[in-house]
Amino acid sequence: MKRGLQGNEQEDGGGTSGGCQKTLKRSRKQRREKDLEDEEVRWECLPQEILLHVFQYLPLLDRAFASQVCRGWNEAFHMPELWRCFEFELNQPASSYLKATHPDLIKQIIKRHSDHLQYVSFKVDSSRESAEAACDILSQLVNCSLKTLGLISTARPSFMEMPKSHFISALTVVFVNSKSLSSLKIDDTPVDDPSLKVLVANNSDTLKLLKMSSCPHVSPAGILCVADQCHGLRELALNYHLLSDELLIALSSEKHVHLEHLRIDVVSENPGQQFHTIKKSSWDAMKRHSPKFNLVMYFYLYEDEFGPFFRDEIPVTHLYFGRSVSKDVLGRVGLNCPRLVELVVCANGLRPLDEELIRIAQRCTQLSAIGLGECEVSCSAFVEFVKMCGDRLTQLSIMEEVLVPDHRYGLDDIHWEVSKHLGRVWFPDMMPTW
Amino acid sequence: MVVNTIHWFRKGLRLHDNPSLKDSIQGSDTLRCIYILDPWFAGSSNVGINRWRFLLHCLEDLDASLRKLNSRLFVIRGQPTDVFPRLFKEWQINRLSYEYDSEPFGKERDAAIQKLANEAGVEVTVRISHTLYNLDKIIELNGNQPPLTYKRFQAVINRMDAVEMPAETITSEVLKNCVTPISEDHDEKFGVPSLEELGFETEGLTTAVWPGGETEALMRLERHLERKAWVANFERPRMNANSLLASPTGLSPYLRFGCLSCRLFYFKLTDLYRKVKKNHTPPLSLYGQLLWREFFYTTATNNPCFDKMDGNPICVQIPWDRNPEALAKWAEGRTGFPWIDAIMTQLRQEGWIHHLARHGVACFLTRGDLWISWEEGMKVFEELLLDADWSVNAGSWMWLSCSSFFQQFFHCYCPVGFGRRTDPNGDYIRRYLPILRGFPAKYIYDPWNAPDEVQKAAKCIIGVHYPKPMVNHAEASRINIERMKQIYQQLSCYRGLGMDVKWWRVPDINLVGPRCETGRGSQSARVSGVFIVKPGPTLSCEFLRSDLPLLPLGLYLGLPTI
C-alpha cells in the first residue's frame with residue numbers, strides 16, 4: 001500500500017498505469033532472485049472480486065486512498081456493489097461541529113452511482129440549508145431504485161423549516177421512481193396525505209417499515225390509506241393523533257401480515273390537551289392478529305393529561321414516561337398492562353412508589369427491564385420487587401437517589417440483597433458528586 | 001556544599017501533607033517557596049474573578065503561614081520556562097521540588113522544566129499528594145487502561161494498597177536550620193498581587209462566600225467532621241432546599257486548589273467512622289466525593305484530548321448544535337426558566353453550586369434542551385466554578401451529557417419539575433432572581449403560565465421584565481432523546497455493506513463502538529477493542545430494528561454494566 005501512495009496526488013483516476021506489465025518486464029535473473037518478494041507484492045494484479053471483497057472492509061476514506069493507487073484499483077473502487085449503501089452528511093460550519101460529505105463526492109455519486117444506490121440516508125444538522133441540500137440530492141435520484149430511505153435530523157428538525165412544496169416534490173421523486181421502497185424513515189418532516197398516497201400507489205407491495213413520528217401534516221385518514229394498501233407493513237411508528245380504531249382494524253385485517261412493531265408517541269402540545277380513546281376491542285383485534293407484536297409507547301404528557309389512558313387493558317410491551325407521571329397512573333399501569341416488558345419512568349415525585357412497584361411485579365409477569373429516575377422507593381419495597389421479579393430482570397437501572405433507606409436496609413447493603421435475588425452483581429446508577 | 005532549594009507551588013497550596021516540600025527541606029540550607037503567575041493568565045485565560053480571588057486568598061494565607069516560620073512566599077510573574085533558568089542562576093539553586101501534577105498539560109510542562117533542571121544540574125524532587133493514589137498504579141492494575149466505569153474503578157480501588165499517610169506538617173522543627181533569604185523589597189518584588197493589580201474591577205464586589213486558603217480549609221474540615229459526627233450518619237444527606245446554598249462545611253474548592261489535602265480528609269473520615277460505628281470497615285461510599293475526583297483524574301491523565309470531543313477516544317461523537325446566542329442565554333442566566341437562571345446566577349456570583357444543580361443546568365444545555373456541546377458548558381464552568389479543575393470538569397461534563405462512561409441517559413431533568421420538587425416554596429429562586437420575588441410558589445418555576453393578574457401583582461411581566469422560556473421543554477427533550485437514541489443505536493451496529501458486526505464482550509476495553517460508514521466519517525467513536533466481523537446476508541439496512549426505549553447501554557452493546 002505504501003508504495004502506491006507515495007507521490008500520487010491525483011484526485012481521480014489511477015497513478016502508475018500498467019503496473020502489471022512493468023513487473024513482467026524485469027529481467028529473468030531479477031525475477032528469479034526476487035521471486036518470493038514479487039509473489040508477495042503483486043497487489044496490482046489482484047483479481048477484481050478479491051479486491052471488491054477487501055474494499056468492503058475499508059471505510060470510505062481508506063478506500064478512496066486505495067483507489068488512487070492504479071487504474072485497476074480505481075475501477076474496483078467504482079464497482080456498483082460498493083455503492084449500494086450511502087449516508088449523506090449535510091452540515092453547515094455555522095451550525096455544526098462535524099464536517100459534511102464533500103460536495104465533489106456528492107457530485108460523483110450522482111453522476112456515476114445514482115443507479116447503484118439502494119440504501120440511502122441523509123443526516124442533516126439544524127440549518128435550513130442542510131435540509132434543502134438533502135432535498136436537492138433527492139430530486140436528482142431519478143434513476144434510483146431505493147429500497148431504504150432515511151431522513152434524519154441530528155439536531156433541530158430542519159426539514160420542518162424549509163418550504164413544504166420543495167420537500168414534497170423531492171420526496172415524491174423517490175416514491176415514484178423507486179417502486180420498491182421497503183423501509184422509509186421520515187420522522188419530523190412535512191410529509192402530508194397526498195404524498196403518502198403517492199408512496200402507496202407505487203410501493204404498496206414492498207413497504208415493510210414506516211417511521212413517521214411527529215409529522216404534523218398527516219391526518220388519520222392519510223395513514224389509514226397506508227395501512228389499507230400496504231399489507232406487508234411490519235413496523236410502524238407514528239404519533240397518537242394519527243392512531244384510530246380504524247387503523248388498528250386495518251392492520252389486523254386478514255390480508256395484512258403480522259405486525260411486528262408499533263411505536264406510538266403521545267405528545268402534548270399545550271397543557272390541558274384532550275386525547276381521544278382507543279377502544280379495547282381494537283387492541284384485542286391487534287392482539288389476535290399479531291400475538292407477538294411489540295407495542296412501544298412514549299408519553300410526553302403533563303401529569304393531568306393521562307385521563308384517557310390505562311383505563312382498560314392494553315397490550316403495551318414497552319412503556320416510556322418522559323415527564324413526570326403520577327402514582328395513580330403507575331397504579332393503573334400495574335393493573336392494565338399484562339404484556340409489559342420494559343418500563344421507564346423519568347420522574348414521579350417525592351411519595352414512595354412502593355405499592356405500585358409491587359403490583360407491577362405481580363401482574364406484569366413479562367417485565368424484564370425497568371428504569372427509574374427522580375422517584376422514591378423505599379429500600380424494603382425495592383428488595384421485595386426484585387425478589388418477585390427474580391432473574392427475569394435483565395435490565396435494572398435505578399438512579400441512586402431513588403432508593404430511600406429504611407429500618408431494614410441502608411444504601412450500603414441494598415446492593416447485596418438485590419444482587420442476591422438477581423443472580424448477578426448489581427449497583428444503582430450513580431452520578432458524579434463534586 | 002550549600003544546598004539552595006526552590007519549592008514550586010502550583011496546586012498543593014498548603015503546608016500540611018506536603019511531602020515534596022518536606023523531603024526537599026532535608027539537608028537544605030536555604031528554601032524559597034515560589035508561585036509562578038503567568039501574566040497572560042488574567043486577561044485572556046478563561047478564569048473569572050471569583051477564581052482569581054480565591055487563588056489570591058490562598059497565596060496570602062500561604063505567605064502568612066510561612067511568615068510564622070520566618071519565611072515568605074515568592075510570587076513571580078512570567079512563564080515557568082523563562083523564570084526557572086533565571087532563578088536557578090540568580091539564587092544558585094541546586095534543588096527543586098513540586099507536587100506531582102497528573103494532568104496531561106501539567107506533565108508536559110513539568111517535563112520541560114525537568115529538562116531545564118537537568119541541564120542546570122538541579123536535583124528535582126516530585127511527590128504525589130494531590131491524589132489519594134498513584135494513578136499510574138491504578139491504570140496498571142486495570143490492565144494498563146483507566147477504568148471507564150465508576151463501578152470498575154471502585155473494584156480496582158478495592159485491590160489497591162492502602163492510601164499513604166499524610167506527610168508531617170511543615171513546622172519550625174521541620175525547617176530546623178533551613179533559612180529563607182528575604183530582601184527588604186520582598187513585598188514589591190515578590191508580594192502577592194491584589195485583584196486590582198491584576199486588572200480586575202473590584203467596585204461593587206461582594207465579600208467572598210468562599211474564602212480561600214489553607215487555614216480556612218482546615219477549619220472547615222473540622223466543622224465538616226463535627227457535623228458528621230453529630231448526625232452520626234454517613235449516608236448521603238437527602239437533598240433539600242437548604243442544600244442548594246453554600247455551606248460553611250463545603251470542601252470542594254479547597255480540595256481543588258490543594259489547600260486541603262485529600263489524604264488528610266480521607267484519614268479523618270476513616271477515623272471518625274471507626275469511632276462512631278465502633279470499628280466497622282468504612283464502605284467505599286464514605287469517600288464518594290474523593291473517589292469521583294480520583295476517578296476523573298485517572299481517566300484523564302493519559303489523554304491530552306480529554307477536554308474535547310474531536311479526537312478523544314473515549315468521547316462519543318455527538319452532532320451538537322452550534323448556537324452562540326442560545327449558549328449566551330444559558331451562561332448569563334437568561335433562559336426564561338427560573339430554576340436554570342437562578343443556578344447560573346448563583347454560580348456567577350459565588351463560584352459554587354450544588355452537584356444536583358450542576359446536573360440540572362448541564363442536562364439543560366446539552367442532551368436535555370439546547371443540544372449544545374458539552375465543551376461550551378465546560379468552558380463556562382471553568383471560568384466560574386471554584387472547584388472545576390481540568391480533569392474533573394471535563395469528565396463530569398462528558399458524563400452529564402452522556403458522551404462517555406456508559407452513562408444511562410433515559411432520564412432528563414425537567415427545568416421546572418426538578419426545582420419544584422427540591423424547593424417547593426421557591427426561596428432559592430427569590431434569593432438569586434429578585435425580580436421574581438413577587439410570584440407565589442405555584443408559579444415561580446413556570447411564571448409564563450401565571451395569569452396576567454398574578455404577573456401584574458408581582459410587578460414582573462414575562463417577556464418584559466423577565467424573559468419568556470427560550471425553548472419548549474417538552475418538545476426539545478422529546479427530540480433530543482430521539483437524537484441520543486439514534487447515536488447510540490448507530491454505535492451498536494456497523495452499518496457497512498452487508499456486514500453484521502457482533503460485539504463480543506472483552507472485559508473493560510477502551511471503546512464505545514465501531515466506526516460507521518458514512519459519507520464523511522463522522523465517527524461514532526473509534527475502536528480499540530476486539531471485534532468479530534461476520535459477513536451477513538447482503539444488504540439488510542433496516543432502521544431501528546429494536547426501537548425500544550433505551551435503557552442501559554448493555555441492552556445494545558452487550559457490555560457488562562459494572
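The first residue you see is number 1, and the count goes up from there.
Glycine residues also receive a Cβ, built from the backbone N, Cα and C atoms like all the rest.
According to TrEMBL:
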DOMAIN    B:3-132  domain 'Photolyase/cryptochrome alpha/beta'
BINDING   B:Gln289, B:Leu290, B:Leu291, B:Trp292, B:Arg293, B:Glu294, B:Phe295, B:Phe296, B:Asp387, B:Ala388, B:Asp389  FAD binding site
SITE      B:Trp320  site 'Electron transfer via tryptophanyl radical'
SITE      B:Trp374  site 'Electron transfer via tryptophanyl radical'
SITE      B:Trp397  site 'Electron transfer via tryptophanyl radical'
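Cβ neighbours of B:Asp389 (FAD binding site) (same chain, under 8 Å, six or more residues apart in sequence): B:Lys11, B:Glu103, B:Arg256. Proximity to chain A, taken as a Cβ less than 8 Å from one of its Cβ atoms, holds for B:Gln289, B:Trp320 among the recorded positions B:Gln289, B:Trp320, B:Asp389. Burial estimate for the recorded positions (B:Gln289, B:Trp397): highest at B:Trp397, by number of other CB atoms within 10 Å. Rounded to a whole number, the distance between the Cα atoms of B:Trp397 (site 'Electron transfer via tryptophanyl radical') and B:Arg293 (FAD binding site) is 13 Å. Listed recorded positions near B:Trp397 (site 'Electron transfer via tryptophanyl radical'): B:Trp374 (candidates B:Gln289, B:Leu291, B:Phe295, B:Trp320, B:Trp374, B:Asp387; Cα-Cα distance within 10 Å). Secondary structure at B:Trp397 (site 'Electron transfer via tryptophanyl radical'), as computed by DSSP, is helix.
Between the CA atoms of B:Leu291 (FAD binding site) and B:Trp320 (site 'Electron transfer via tryptophanyl radical') there is a gap of 30 Å, rounded to the nearest whole number. Long-range Cβ proximity for B:Asp387 (FAD binding site), meaning a same-chain Cβ under 8 A and a gap of 6 or more residues, is found for B:Ser252, B:Pro253, B:Leu255, B:Arg256, B:Trp352. Long-range neighbours of B:Trp320 (site 'Electron transfer via tryptophanyl radical') (same chain, six or more residues apart, CB within less than 8 Å of its CB): B:Met309, B:Thr366, B:Trp371, B:Ile372, B:Ser373, B:Trp374. Every protein chain considered, the tally of other Cβ atoms within 10 Å of the Cβ of B:Trp374 (site 'Electron transfer via tryptophanyl radical') stands at 26. Within 10 Å of the C-beta atom of B:Arg293 (FAD binding site) sit 26 other C-beta atoms, taking all shown protein chains into account. Residue counts for the domain 'Photolyase/cryptochrome alpha/beta' (B:3-132) under DSSP, helix first, then strand, then coil, are 58 helix, 29 strand, 43 coil.
Around the Cβ of B:Phe295 (FAD binding site), the same chain contributes B:Pro147, B:Tyr150, B:Phe153, B:Gly395, each under 8 angstroms and 6 or more positions distant in sequence.
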